[in-house]
Amino acid sequence: MASKRALVILAKGAEEMETVIPVDIMRRAGIKVTVAGLAGKDPVQCSRDVVICPDTSLEEAKTQGPYDVVVLPGGNLGAQNLSESALVKEILKEQENRKGLIAAICAGPTALLAHEVGFGCKVTSHPLAKDKMMNGSHYSYSESRVEKDGLILTSRGPGTSFEFALAIVEALSGKDMANQVKAPLVLKD
């Protein structure tokens, strides 16, 4: 069986934990992860001044698709940059149309709203993004730490990054694989 593929879109101002933890967990599960820089291949300064080097540019990554999941990290500035990108919109719309999984965490779900993706789904987000997500009644809102409704998977923030990442693994590779990856992480149940 061919390994699953994930695209993580990295924008300036992304939240570090919400980027790195899903990348790490998915790679532990054998998922081929591409970290794509929204503004190109140059290192990206994240919300807490951690610098992450993308594998490639988003433009280049798009030519290597499709992906089994597209992941949108949060961070206020990062989510704003994702929300303002025509290329992100194109990728999300293609993913939605081909019935591929889309996962967004913290403020990342606001990019779904901006690009009119997943309307009608139940979502969650960082508590400070709730009002924005509920503007226009395009979604129903959940206070769950992780919410999966069909092919839209959302989560709340840095503290839910492991749960979010394991939910992506479970959606792509099954519960057994998620449990196998989780065991050595010494997470609190």
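Indices start at 1 and increase along the chain as displayed.
Using the three backbone atoms N, Cα and C, a Cβ is placed for every residue, glycine included.
Quick look at what Swiss-Prot annotates:
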MOD_RES   ALA2  N-acetylalanine
LIPID     CYS46  S-palmitoyl cysteine
LIPID     CYS53  S-palmitoyl cysteine
MOD_RES   TYR67  phosphotyrosine
MOD_RES   CYS106  cysteine sulfinic acid (-SO2H)
LIPID     CYS106  S-palmitoyl cysteine
ACT_SITE  CYS106  active site, nucleophile
ACT_SITE  HIS126  active site
CROSSLNK  LYS130  SUMO cross-link
MOD_RES   LYS148  N6-acetyllysine
MOD_RES   LYS182  N6-succinyllysine
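Comparing Cβ neighbour counts within 10 Å across the modified residues ALA2, CYS106, the minimum falls on ALA2. In this structure, the recorded positions HIS126, LYS130, LYS148, LYS182 were compared by how many other Cβ atoms lie within 10 Å of their Cβ, and the smallest count belongs to LYS130. In the three-state DSSP scheme, LYS130 (SUMO cross-link) falls into the helix class. LYS182 (N6-succinyllysine) is 26 Å away from CYS46 (S-palmitoyl cysteine) when you measure Cα to Cα. Once Cβ contacts within 10 Å are tallied over all protein chains shown, the recorded sites CYS46, CYS53 are led by CYS46. Taking Cβ-Cβ distances under 8 Å and a sequence separation of 6 or more, the neighbours of TYR67 (phosphotyrosine) in its chain are ARG5, ALA6, LEU7, THR34, GLN95, GLY100. Looking only at Cα atoms, the residue listed as 'active site' sits nearest to CYS106 among the modified residues ALA2, CYS106, LYS148, LYS182. In three-state terms derived from DSSP, LYS182 (N6-succinyllysine) belongs to a helical segment. Using CA atoms as reference points, the modified residues ALA2, CYS106, LYS148, LYS182 were checked against LYS130 (SUMO cross-link), and the closest is CYS106. A straight line from the CA of the residue listed as 'N-acetylalanine' to the CA of CYS106 (cysteine sulfinic acid (-SO2H)) spans 30 Å. In the three-state DSSP assignment, the secondary structure recorded for the residue listed as 'N6-acetyllysine' is strand. Distance between Cα atoms for CYS53 (S-palmitoyl cysteine) and CYS106 (cysteine sulfinic acid (-SO2H)): 21 Å, as a whole number. You'll find the Cα of the residue listed as 'cysteine sulfinic acid (-SO2H)' roughly 14 Å from the Cα of the residue listed as 'N6-acetyllysine'.
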